[in-house]
Amino acid sequence: MSSGYPGPSSNPYPAPSRPASGGPQGQAPHQGGGYPAPTRPGGYGTPGTSGPTGYGHPGAAPHGVQDAAPGAYGPGGQQPQIWHGGRRSAAMGPGTIVALCVVGFAGLWGLWIALSQVGPAPAAIGFIAALIPLAVVLATVMWLDRWEPEPKVMLLIAFLWGAGVSVVISFYGNTAVALAYYDATGDAAQADIIGAVVSAPIVEEVTKGLGVLLIFLLRRKHFDGVVDGIVYAAVVAAGFAFTENIIYFGRAIEILPSIFFTRGVMSPFAHILFTASIGIALGIASRHRNRYAAWWLFPIGLVAAMGLHALWNASASLGAVTGSENAFLLVYGLVQIPLFVAAIVLAFWLRRQESAAIRARLTEYAGAGWFASHEIDMVASLRTRAQARAWAARLGPGAGAAMKRFQKDATSLAYMRQRAVSGRADLRTHSSTEAELLAAISADRRAFQVAAPQAFR
């Protein structure tokens, strides 16, 4: 038997042709699924030895990153039990609680602004209508974030930052600019245009961008690439658009179908596409070897977001002034649609890149005996992961939960090693984190065997 996850005919992913850890064909492994706990961080397997410094993948790893630790069978007899209830806790720390309180208060303030602008009844109607484009956007974000989902509490903070902090600052900031221009010129129409085309893109993208930057700085070790950047930027922007839509829909109850079609059908991703420029910039910075890269990449993303936002608002303002929709439709056709198509292509490409990175990193561990080939095939494919979870769930709830944990821990291991290989990990803690994840993966196999013994007969 090759690993803790068998390959029966009902298994949706193929079984390996030989044992992954080198055990005799047909011989039952030691207790623990044949994947013993690592001996100590930085050196596994035979005492006093360590793996070579080279890697079986393009590019040189930074000094100090070792090969994957050997995972061969240990001496005969019972392996030490490494499963324990104290797995890494997802409990919120004091900083997270404070952040939730601050953005939660700001979110209530944003709702109060919406109520004060349109009144209770229109705000309620606008709230319900705004939920529809919000659901579409969040479903898209979840689709993109399937490989290593971000913590729900951080996504909530991002959403409330957009719906609260960004809205509050933008409301008072844009109002102040428009009033100052009106006081100086006496031209109300021109003041509205300046507010929409100049003030709004600057103030709104700065406030949204600061939210993404704050998450980047607070979760630097876990902000892992362009996907994470886009996800957090999209959630911040979705929160902002949600509160903004409540106000727009509430102000236009008489023509709500028309406004809803424009904002909820034609352009539900407008704010997301603008702010995604910032997320992409910070995502690139997170994988840059220079730890200060964010300080020059963030302004580049911010300027791009402001430019796209200004172009979008200018087309709408020009259409309102001239009484013609041609300007808006022209920008929509030449900018918004191609940008949206490019975003879709980028999303699919990023998902393929994530799959390739997971496969490459886990393959290094397979060479050391930690994974069977069919396990890597399963973990590196979202479709096969779902099939494997469904198959395991049919064996019992405990088996389904163990399979889910196995996939999560294996993915975390791959990302952890990717950070180390690219020079973005703290090598002082890398070995201990690697040991914890390898132990967790062994424990996941053990839990699966206990929960579904019928799969091994």
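FYI, residue positions are counted from 1 along the chain as it appears here.
Cβ atoms here come from the backbone N, Cα and C positions, even for glycine.
The compositional bias 'Low complexity' annotation in TrEMBL covers 19-41.
Annotated compositional bias 'Gly residues' per TrEMBL: 42-57, in sequence order.
Look at TrEMBL and you will find 1-87 tagged as region 'Disordered'.
Taking Cβ pairs closer than 8 Å, the transmembrane segment (97-115) reaches residues 123, 126-127, 153, 156-157, 160-161, 163-165, 167-168, 171, 239, 243, 246-247, 250 in its own chain, all 6 or more past its ends. Residues annotated as transmembrane segment in TrEMBL: 97-115 (among others).
Sequence annotations record features per position, and here TrEMBL assigns transmembrane segment to 121-141 (among others). Long-range neighbours of the transmembrane segment (121-141) within the same chain, counting only residues 6 or more positions beyond its ends whose Cβ lies under 8 Å from a Cβ of the stretch, are 111, 114-115, 231, 234-235, 238, 241-243, 245-251, 253, 256, 260, 263-265, 268-269, 272.
Summarising the annotation, TrEMBL assigns transmembrane segment to 153-173 (among others).
If one looks beyond the transmembrane segment (193-218) by at least 6 residues along the same chain, the residues whose Cβ comes under 8 Å of a Cβ in the stretch are 95, 154, 157-158, 161-162, 165-166, 169-170, 173-175, 177-178, 181, 229, 232-233, 236-237, 240, 271, 274-275, 278-279, 282, 285-286, 294, 298, 301-302, 305-307, 309-310, 313-314, 316-317, 321. Per TrEMBL, transmembrane segment is recorded for 193-218 (among others).
Listed by sequence, the residues of this chain that lie at least six past the ends of the transmembrane segment (230-249) yet keep a Cβ under 8 A from its Cβ atoms are 107, 110-111, 113-114, 117-118, 122-123, 125-127, 129-131, 133-134, 137-138, 140-141, 144-145, 150, 154-155, 158-164, 166-167, 170, 204, 208, 211-212, 215-216, 223, 256, 259-260, 263-264, 268, 270-272, 274-280, 282-283, 347, 350. According to TrEMBL, the transmembrane segment annotation covers 230-249 (among others).
The transmembrane segment feature in TrEMBL is assigned to 269-285 (among others).
Residues or ranges marked as transmembrane segment in TrEMBL: 292-312 (among others).
The transmembrane segment annotation in TrEMBL covers 327-350 (among others). Here the transmembrane segment (327-350) has Cβ contacts under 8 Å with residues 144, 226-227, 230, 266-267, 269-270, 273, 276, 308, 311-312, 314-316, 318-319 of the same chain, all six or more residues outside its ends.
Sequence-distant contacts of the transmembrane segment (269-285), counting only residues of its own chain at least 6 positions beyond either end whose CB sits under 8 Å from a CB of the stretch, comprise 137, 140, 201, 205, 208-209, 212-213, 216, 223, 225-234, 236-238, 240-241, 244, 263, 293-294, 297-298, 300-302, 304-305, 308-309, 312, 336, 339-340, 343.
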